[in-house]
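Noted in TrEMBL for the protein shown:
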type	residues	note
DOMAIN	106-515	domain 'Major facilitator superfamily (MFS) profile'
TRANSMEM	152-176	transmembrane segment
TRANSMEM	183-203	transmembrane segment
TRANSMEM	209-230	transmembrane segment
TRANSMEM	242-264	transmembrane segment
TRANSMEM	270-288	transmembrane segment
TRANSMEM	359-375	transmembrane segment
TRANSMEM	387-404	transmembrane segment
TRANSMEM	416-434	transmembrane segment
TRANSMEM	440-465	transmembrane segment
TRANSMEM	486-504	transmembrane segment
Amino acid sequence: MGLESLEVIFDRVGHFGRFQVFLYFTCAIQNTACGMHYLAAVFLTLHPKHTCRPPGNVSQIVFHNTSVWKLDDIWTQFSIGRGDYIVVQLYDGDVWELTGCYRYRRENKSSLNYDYDGLKSSSPCVDGFIYDRSKWDNTVVTQWNLVCNREWFASLIQPTFMFGVLLGALAFGYLSDRVGRRLVMWSTSIGMYFFGIAVAFTFDFYSFIITRFLLAVVSSGYLVVVFVYVTEFIGMKARTWASIHLHSFFAIGTMVVALTGYLVRTWWTYQMILSTASLPFVFGCWLLPETPFWLVSEGRYEEAQLILDKVARWNRASTCKLTEILSLDLHDPIAFKPSAVKYNLLDLFHDWNIGTRTLTVWLVWFTACFGFYSFSLNSINLGGNEYLNLFLMGAVEIPAYIFVCLGMDIFGRRNILVFSLLSSAFFSGMVMVIPRDRYIWTVVATMAGKFGIGSAFGLIFLYTAELYPTMIRTQAVGSGSMVSRGGSILAPFSIYLSSIWIFMPQVFNQFIGPY
């Protein structure tokens, strides 16, 4: 039986009635929680200014020949990048120069001048570090001293999370076809809550990164399944808008991350607050029914009929009898004709045209995902208020998705996609030529770039499905999504390369985007 013929159901029970509205927003709110977890690392892994801790109690501090009472007074002027150091004298008389990763003991204890040419001995920061806590009281970096020779540990946090996203999409996408959408949504939502809370109680870096990896697996599983779940309950007349605007709730999650980061300055409290967003859905998700499409595919017609009757009652519409629809379908030789052919990934390269199209689509998926996370993760490096920057990176996605919905039927899917990618690349280039002290214009140009890449990211799901025939459509969308995760894994590394050159993320976005 062809499930496409069941679309006539929505002409009877309603395409987007009260039942679908309730179900849609109930599921979409959990998308907000996913957005929080995906971008939480923006503030979890903040690298504050730091210097070596001296081996004793400090009696006097000198910075650029200016005597200060406490280290908190110098952080606004201190910069590791330009070779700044701090001179301190201990109560035992020893004089030390403190840098970001080393400390030097002066042989001449009477010299407190900032410039010193005498003998001195160096040693690593065996007593730990002193951090600038003016913005955050505690981050993962300060908790486990992920600086200097341990800085690469911090650079693995977000890529490891995104690798979990890749595995979660593969595993739960498969399971949803085997055990049903409802069970997978319920299990992943419970996992999101418990793993999210567990992250806040991890006792070392290794337990932290493993728990966040598991959190990524279940969060990704929910995002994959909820897209299918919602579209199987909504009719064709409203499906395009509804599916694209699921991304809007993810964007709201990004905005909540910015607000929470502004209000809470301790990482474990911040993590716990973000995780509680999953709790209402955990208590309510058992009320959601299985999709009639999946039940019919499993031969559970009576259960599917009960759900359709419930939908009709909520929508105050006349119900439809599956026996009638299935009877019509059985007499439709085209719809009912069984297919003995099994399709796989190789069919995406069946001939030269299909193969070229597949490679192009995969590149667009990779570019959209890479640019999407590059713009968001790099928002704290733009200058100005980092919390406002991230909030704006999330807020600009919502009009981007509205633009896609309105423009794709007027100008066509391809034209909107090309315009979105080219505009993103253009504004990435603009960011590079704007003077660093004009950070307001930098933020505006970055928002325009995020608008473009967000439009492409929202459109590529729908466009890919429409580019391929029914028999290989699932393979096309699934493979494209898998390739895109490569972009999300590499995006954090482009942000870390900004320590070498501040515009490195924009360079990648500019040169990858047009292709």
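From the backbone N, Cα and C atoms, a Cβ is placed for every residue, glycine too.
Since the structure is predicted, the reported quantities are computational estimates derived from the model, not experimental observations.
Of the two recorded stretches, the transmembrane segment (183-203) does not lie close to the transmembrane segment (440-465), with fewer than three CB pairs under 8 Å once pairs fewer than 6 apart in sequence are set aside.
Within the same chain, residues 16, 24, 28-29, 31-40, 42-43, 223, 226-227, 230-231, 234, 270, 273-274, 277, 376, 387-391, 393-395, 397-398, 401, 404-405, 454, 457-459, 461-462 sit at least 6 positions outside the transmembrane segment (242-264) and bring their C-beta atoms closer than 8 Å to a C-beta of that stretch. Sequence-remote contacts of a segment are chain residues at least 6 beyond its ends whose Cβ falls under 8 Å from one of its Cβ atoms, and for the transmembrane segment (387-404) they are 35, 39, 42, 244-245, 247-248, 250-255, 257-259, 261-262, 375-376, 379-380, 416, 420, 443, 446-447, 450-452, 454-455, 458-459.
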